[in-house]
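Notes for the one structure printed next.
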Amino acid sequence: MSDILKAIRLTNGNGMEVTLLNYGARIASIQFNGQEMLVTYDDINGFLDDDLYLGATCGRVCNRISDGRFCVDGKSYQLAQNNGGNCLHGGIDNFSYRYWTVEEDSVTEQSVTMTLHSADGDQGFPGDLRVTVTYRLTGDNQLHIDFNGQSDQATPINLTNHAYFNLGATSGQSLQLQLMSSMRLNRNDKEMPDGSFHNISGTDYNFRELTLVGQRQQQTQDPELLAMGGFDHCFILDNSPFNEAKARLVAKQQGIEMRLYTDQSAIQFYTGKYLDGQFQSYEGLCLEAQNYTDAVNQPHFPNSILRPGQTYQHTTVYEFRTL
Ligand code: G6D
């Protein structure tokens, strides 16, 4: 296995270019209409010291697991508590920090598959897991991300892409967002779901109509949003057909729109408060399509356990258009 940083460039003959890295199976860059769509490092080596998950494939279980603890089939597991007593994005040495294997025979101008072997006990998780991420760039400016996994023992799994979008604007705050969701997960004082749901109609969490993110964030009087300094919440998506966009981002000044399609049940909407170092807070925002947060500890949430003989398979598409 090579621990050498590799960049794979996808092109679609229509002016769009995507740069991927084997490190963390990350999206390093999306160039559309001659502009950079993501918060990114000028030099790809910057990703090697990244702790913000820029463009990263997060897992074995993205987002948080309460107290880093879960039970599967009566057996209890304790993971690293790498974020406020919880396990974040799969632990300390999670998938974002691994060199994935580029399947050389999968590489074409428009697509590539990367694989990762996560051994039984990796970061405390049970089961020998093999995951693949296939990126495919189409001629009509869609970047498809197919996640796939199989395990020899029952294990929780929840994979997502953690790109920070700004669509060429200087901040995610200047983007307009439409999010096809009517409910979010309530959070307890440990930033974890308490298992209840919040109907967001008529609240500052409601983005069913295209809404300027910064204006909503700066004008809110919602105590939780004020205390958190923005959004970092799990939104339950409408149960609509895959070809109906679950989210839209618009950069009016740049004349660019991104539509997100997914078969996932939720999106973690994070406005990027913790961006730091060479980046500004809120410089980009994340729409992380995934399962409900901490589903392994909430029996009434959608199942997150992958069992032997089953295949974990999810697809998310980022589609870029000019206005
Ligand atoms: C913070 O709470 C946020 C997470 O959602 C995000 O993934 C991380 O920063 C990069 O911990």
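For all residues, glycine too, the Cβ spot is worked out from N, Cα and C.
For the beta-D-galactose site, TrEMBL gives Asn63, Arg64, His162, Ala163, Tyr164; the one candidate out of Asp3, Asp232, Asp238 that the record lists there too is Asp232. Only Asp232, in sequence order, out of the binding-site residues Arg64, Tyr164, Asp232 have a CB under 6 Å from ligand 1.
There are 25 other CB atoms within 10 A of the CB of Ala163 (beta-D-galactose binding site), with all protein chains counted. Residue density at Glu288 (active site, proton acceptor): 21 other Cβ atoms are found within 10 A of its Cβ, drawing on all protein chains shown. Geometry remark: Ala163 (beta-D-galactose binding site) versus Glu288 (active site, proton acceptor), CA distance 8 Å. Of the recorded positions Asn63, Arg64, His162, Tyr164, Asp232, Asn63 has the largest number of other Cβ atoms within 10 Å of its own Cβ.
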